[in-house]
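Student: Checked Swiss-Prot, it gives:
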type     : residues             : note
ACT_SITE : 84                   : active site, nucleophile
ACT_SITE : 139                  : active site
BINDING  : 44, 45, 84, 302, 303 : Ca(2+) binding site
BINDING  : 137, 162, 251        : substrate binding site
CARBOHYD : 117                  : N-linked glycosylation site
CARBOHYD : 215                  : N-linked glycosylation site
CARBOHYD : 356                  : N-linked glycosylation site
CARBOHYD : 497                  : N-linked glycosylation site
MOD_RES  : 84                   : 3-oxoalanine (Cys)
SIGNAL   : 1-16                 : signal peptide
């Protein structure tokens, strides 16, 4: 109890005009040059085809494309799940949802979050002497000890969950459109079933709500400012740092940008991509001007585009899941089709990561945890097993193919949440359950069980259009190995130290800075 009180007390101490916990940035610089810094940037609902370096039709990612030319681009990189909370939990633990307990999204009223017996990447690096910060969306529990300040992050600035989970006065663009927060004593204007609640979206700095509702139009620039301030302060101190930037882009609602250089004539989605790219460019520029030689920057996404948002959703590129679209529904976010989990990914570290390299290694967001831990000269937590692996050899251009096998869990489209219903085995992909998420036209594909899995050869069929013939030699050669690797991982999980998330809901835990005001309004700090 005393430790908890101390953490709460320290989290509110102010330095240089913005809140920081009482982190000793001024410890001796003896670690400088010995341990690398890490900046991990995670986009939200960004499609594989939204990166210009991946897909020539995209023209709005100049900074990311430049990063690709200055580093390594991964074209077979996968989120660990196809929706928000499970993907983020796997990034921070290196473990699938069946191990870490997070198999579906947390709500505004969620009592729990990422189970407290799971060790986060931030906690490991904090113990190794790192200063740790998160800027952006958390979505792994906001109540009590689930808050990021108690999960290894010294500094937090951001929103506790997706920005469509609370109203704002700057609602931006959504499909269907959503109203602004109610004003004064007026009745609720939230009549759309798909729109957020009338409780305003909060913006946190550490444990304090500093703005409710948050201004979505200026949020990206605030993130850029806080991220660059954190990098400057940490680099000046001589201590190594971990900065995790979890962007609001490209999740809906798309903001009305306030950046003065915003281009005209682009689509709403293209303008959002441009703003996101500008934000990433500001962070990279700060790294380049302060800690370039000793900082590893990793950019990727949490899952594929949210197709039901129609023109406000991104591009899956060539990964169109054509077999599923013929059945109905979307093969993107929430599904185990390639469009749901194959995401853009870039690595940048001058002098360490080779320049202008395209890697076809099979990699995953799960690999971030063990790779960063290894590069930080830290140790993996004991008493548990990990699904990610250290991929340093791939990053540094040495010979290593990455994973031979990946497992894709159900993220809401079909089957039981978290169930490993799809197996990637080298070039092959086997589906034991298929189903589409809600598409722009409102359709959802039927949930279909496949005792004999559908198997696609992704090298020949990136669109996942035509499965192998069940009686053919190629299918018969692959099937036994698919069955074996799936049985092996399920047995491994059964023998592991696994966790269970608390998905209990209670309206009293809803973040609210002023319960006496409609929509929980309070003044911005």
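Each Cβ is built from the backbone N, Cα and C atoms, and glycine gets one as well.
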Student: Relative to the Cβ position of residue 303 (Ca(2+) binding site), how many further Cβ atoms are located within 10 Å?
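Tutor: By my count, 31.
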Student: Quick check: of the recorded positions listed here (84, 137, 215, 251, 356), which one has the Cα closest to that of residue 303 (Ca(2+) binding site)?
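Tutor: Going through 84, 137, 215, 251, 356 one by one, the closest to residue 303 (Ca(2+) binding site) is 84.
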Student: Can you figure out which of 45, 84, 137, 139 (the recorded positions) comes closest in space to residue 356 (N-linked glycosylation site), comparing Cα atoms?
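Tutor: Considering only the listed recorded positions, the nearest one is 45.
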Student: Measuring Cα to Cα, how many angstrom lie between residue 117 (N-linked glycosylation site) and residue 497 (N-linked glycosylation site)?
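Tutor: Cα-Cα, rounded: 10 Å.
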Student: What Cα-Cα separation, expressed in whole Å, is found between residue 44 (Ca(2+) binding site) and the residue listed as 'active site, nucleophile'?
Tutor: 8
Student: Return only the integer: C-alpha distance in Å from residue 139 (active site) to residue 302 (Ca(2+) binding site).
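Tutor: Here the two Cα atoms are 12 Å apart.
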Student: Using C-alpha atoms only, work out the spacing between residue 251 (substrate binding site) and the residue listed as 'active site, nucleophile' and round it to an integer in Å.
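Tutor: Given the Cα positions, residue 251 (substrate binding site) is 10 Å from the residue listed as 'active site, nucleophile'.
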Student: Count the other Cβ atoms sitting within 10 Å of the Cβ of residue 356 (N-linked glycosylation site), across every protein chain shown.
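Tutor: Other Cβ atoms found within 10 Å: 10.
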Student: Hey, how far is residue 302 (Ca(2+) binding site) from residue 497 (N-linked glycosylation site), Cα to Cα, in Å?
Tutor: 25
Student: Near residue 45 (Ca(2+) binding site), which recorded positions out of 84, 137, 215, 497 have their CA within 10 Å?
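Tutor: Within 10 Å of residue 45 (Ca(2+) binding site): 84.
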Student: Cβ within 8 Å of the substrate site's Cβ centroid: which residues qualify beyond 137, 162, 251?
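Tutor: So the extra residues in range turn out to be 44, 45, 84, 139, 159, 161, 163, 164, 165, 248.
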Student: List, in sequence order, the same-chain residues at least six positions removed whose CB sits under 8 Å from that of residue 137 (substrate binding site)?
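Tutor: Non-local contacts for residue 137 (substrate binding site): 44, 84, 158, 159, 160, 161, 162, 163, 246, 247, 248.
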Student: Taking the centroid of the Cβ atoms of 44, 45, 84, 302, 303 as the Ca(2+) site, which other residues of that chain lie with their Cβ within 8 Å of it, listed in sequence order?
Tutor: 42, 43, 46, 79, 83, 87, 251, 301, 333
Student: Let me make sure I understand the structure: which of the recorded positions listed (139, 251) has the fewest other Cβ atoms within 10 A of its Cβ?
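Tutor: Least crowded of the recorded positions 139, 251, by Cβ count within 10 Å, is 251.
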Student: In which DSSP state, out of helix, strand and coil, do we find residue 84 (active site, nucleophile)?
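Tutor: Looking at the DSSP assignment, residue 84 (active site, nucleophile) belongs to a helix.
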Student: A 10 Å Cβ contact count, applied to the binding-site residues 44, 45, 302: which residue has the minimum?
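Tutor: Each of the binding-site residues 44, 45, 302 was scored; lowest Cβ tally within 10 Å is 44.
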